[in-house]
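Student: Handing you this structure, nothing more for now.
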Amino acid sequence: MGVLCFLASFWLALVGGAIADNAERYSANLSSHVEDFTPFPGTEFNFLGTTLQPPNLALPSNGSMHGYCPQQTKITTAFKYINTVISCTIFIVGMVGNATLLRIIYQNKCMRNGPNALIASLALGDLIYVVIDLPINVFKLLAGRWPFDHNDFGVFLCKLFPFLQKSSVGITVLNLCALSVDRYRAVASWSRVQGIGIPLITAIEIVSIWILSFILAIPEAIGFVMVPFEYKGEQHRTCMLNATTKFMEFYQDVKDWWLFGFYFCMPLVCTAIFYTLMTCEMLNRRNGSLRIALSEHLKQRREVAKTVFCLVVIFALCWFPLHLSRILKKTVYDEMDKNRCELLSFLLLMDYIGINLATMNSCINPIALYFVSKKFKNCFQSCLCCCCHQSKSLMTSVPMNGTSIQWKNQEQNHNTERSSHKDSMN
């Protein structure tokens, strides 16, 4: 609880400092620009904005430049504060929801199994993003500049911020793929029954997911630097992707397609493939001789499969608008078009919506589990309302993978014993 209070205090101080700094230094021009706001893990500085220019894109002496919009983009200050309120809500819900989800899986031994371990890994990645990246995003949006942009700590944040963003999304994507594979493996190996615990193969998968996510995020930490530039007679520094090598130039050129293909399409394709195979397995089992004996067994696993499928669908809905805006910027936007500034205003608005939806994905998974899974719903109610229920009853939760636990009210019978019958999910 002390840690949560510290994080909340840090968050409020950072946002408050951003509002004060914005009023003093950026009320004239920069308050309505969000060009250095990173809309996606690792997005470069000039993704949608064209007004604030890095040094190598400075205006020539005649004042003309391709891609430069003389007028401000049509994003009002009110919209920024609306976005800030949304981000604060996501911060609170995401921190409480993901922390509670981790606590549930950690404290209840019967919840420690393969799929729940992957869900815990997913929640931890979301929690890291919510706690570290969201405050920086809000500060940039309100202050119009990078936090601590004139000292070494700002340089450290410039490296850490895109690295953790990309790592968090990678952890989400790879965990969703692993959950899809796990559901197919559970249905295909219906006859294998194990005790409560995390299988070794699942532990290896989780470690591999985190290592691979960190490796794929290394180019972000290498490429992002603090770059000084001049805008309307004022000196500024911001964090942006500055390609200085051939590899980084190639990475910057193909980055949008790489993000769309690996970080969006791959989990959807993986889910489609393994859920199709899982459906075929279930249809074959319906005609088998053990249909009656396995009906309850398969029913429980189908419920878990629906939960995982729900998480994948939510991921797709949250991230599609942002990826769409990136692809439109890559394919439709033309620096030579006279109407490019109107298009940029539309893309910037679309990008704001995409940012909020993508960020919402970091807090919505615990909510989805609460409504989709009865087991997790009981756990959340017991954990969040423990003070209210402590004197009335002792809630015992059922793991996702089909364990059925019989329990009675502690006041009615203090000698109640629990019997657990676990169906393996792996």
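Every residue, even glycine, has its Cβ placed from backbone N, Cα and C.
It should be emphasised that the depicted structure is a prediction, and the values quoted were computed from it without experimental measurement.
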Student: By the record in Swiss-Prot, which of N62, N287, N401 is the one labelled N-linked glycosylation site?
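Tutor: Going through N62, N287, N401 one by one, Swiss-Prot annotates N62 as N-linked glycosylation site.
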Student: Using the record from Swiss-Prot, pick out the residue from C158, C177, C310, C318 that is joined to C239 by a disulfide.
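Tutor: Of the listed candidates, Swiss-Prot names C158 as the partner.
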Student: Would Swiss-Prot put A305 and F156 on one side of the membrane?
Tutor: no
Student: Would you identify the secondary structure of C158 (disulfide bond) according to DSSP, in three states?
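Tutor: SS state of C158 (disulfide bond) = helix.
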Student: Ten-angstrom check, please: count other Cβ atoms within 10 Å of the Cβ of C158 (disulfide bond), all chains counted.
Tutor: 24
Student: Within 10 Å of the Cβ of C239 (disulfide bond), how many other Cβ atoms can be counted across all chains shown?
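Tutor: Cβ-Cβ neighbours of C239 (disulfide bond) within 10 Å number 26.
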Student: When you look at the transmembrane segment (81-102) alongside the transmembrane segment (113-132), do they share 3+ Cβ pairs under 8 Å, ignoring any pair fewer than 6 residues apart in sequence?
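Tutor: Result for the transmembrane segment (113-132) with the transmembrane segment (81-102) is yes.
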Student: Hey, which of 257-278, 307-328, 348-372 has the most Cβ-Cβ pairs under 8 Å against the transmembrane segment (81-102)?
Tutor: 348-372
Student: In the same chain, which residue numbers or ranges, 6 or more beyond the ends of the transmembrane segment (307-328), come under 8 angstroms Cβ to Cβ?
Tutor: 39-40, 43, 47-48, 115, 122, 172, 176, 179-180, 182-183, 256, 259-260, 263-264, 267-268, 271, 275, 347, 350-351, 353-355, 357-358, 360-361, 364-365, 368-369, 372-373, 400
